[in-house]
Amino acid sequence: MSNVVKEPRTVVRKFLARPQHEGVGATVRRSIGRFELKYFDPFLVLDEFSVSAPAGFPDHPHRGFETVTYMLQGAVTHEDFEGHKGTIEAGDLQWMTAGRGIVHSEMPAAQGTQKGLQLWINLSSKYKMIEPRYQEITSKDITEAAKDGIKVRIIAGEALGIKSPIYTRTPTMYLDFTLNPGAQIQQPIPVSWNAFVYILEGEGIFGNSRSLPITAHNLLLLGGSGDGLEAWNKSSKSLRFILIGGEPLGEPVVQFGPFVMNSQAEIDQTIEDYENCTNGFEKARHWKSESTTVFGY
């Protein structure tokens, strides 16, 4: 991938992700997955979450997509009916492929407020019923690069000539940029991919140097034409934002809560499988997470 951007993409839409309740007592700022933007192929949901014990996300199922959890502050303990358990701390990443079915919980593992991002990435029809799998990377093992006042954590894809080891079944880039005051970035994006920016801290100018600055918690959809992103930090404070892009699947999407398939018949079958603990949900029959017991859900 060339590091030269010849035709920067413009911001075609922006909106503020406002807080809403999710899980049990948790708060999320949902941008993708709201009524204003139900789906941005291949992305189903983007949540910036904030949770303090005993609130959290107790036992719940998934099928047909991947969840990517990136911790910004604090820690969350994850466990599932396959016996997998671990704690994701600040800067850590968990890339979970739910595939044919998983039931898991995500609960606070530290005092105070735990914050992070969770992205749902759709799977193509040929991968929706694969066996679940995980990729977990601690903060110290996430690839980083720095140049000219720019730091980037390369969660998936490539930036500044450095590639991430994460395997993305749906081709995806996920980059965490921090720009010092006065810094400017050009980041290539494959021309056929959909892409967006989510601002975490500070304020930045995106797509056109004459545009007005945009502040934290805003989602920016980038235009479909163009080969990359250009961004500037003209403020006196650091700018931190996530750039995410993915190859569109171009397939029908039928979603029922935590289940995402290609047809209503497949959703009906998924509900039946989950209720009867069959076809991938067998272990749900007798499983409860430790957090369910501790917090009394």
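Placement of Cβ uses the backbone N, Cα and C atoms for every residue, glycine included.
According to TrEMBL, the protein carries these features:
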type	residues	note
BINDING	His60, His62, His104, Glu106	Fe cation binding site
DOMAIN	27-121	domain 'Pirin N-terminal'
DOMAIN	174-280	domain 'Pirin C-terminal'
Comparing local Cβ density (other Cβ atoms within 10 Å) for the binding-site residues His62, His104, Glu106 points to Glu106
Shell of the Fe cation site beyond His60, His62, His104, Glu106, same chain only (C-beta within 8 angstroms of their C-beta centre) = Phe57, Asp59, Pro61, Thr67, His78, Asp80, Ile102, Val103, Ser105, Pro258
In the chain carrying His60 (Fe cation binding site), residues 6 or more apart in sequence that have Cβ under 8 angstroms from it | Val103, His104, Ser105, Pro258
When pLDDT is averaged across the domain 'Pirin N-terminal' (27-121), the result is 95
Residue counts for the domain 'Pirin C-terminal' (174-280) under DSSP, helix then strand then coil, are 13 helix, 49 strand, 45 coil
Number of helical, extended and coil residues in the domain 'Pirin N-terminal' (27-121), per DSSP = 0 helix, 64 strand, 31 coil
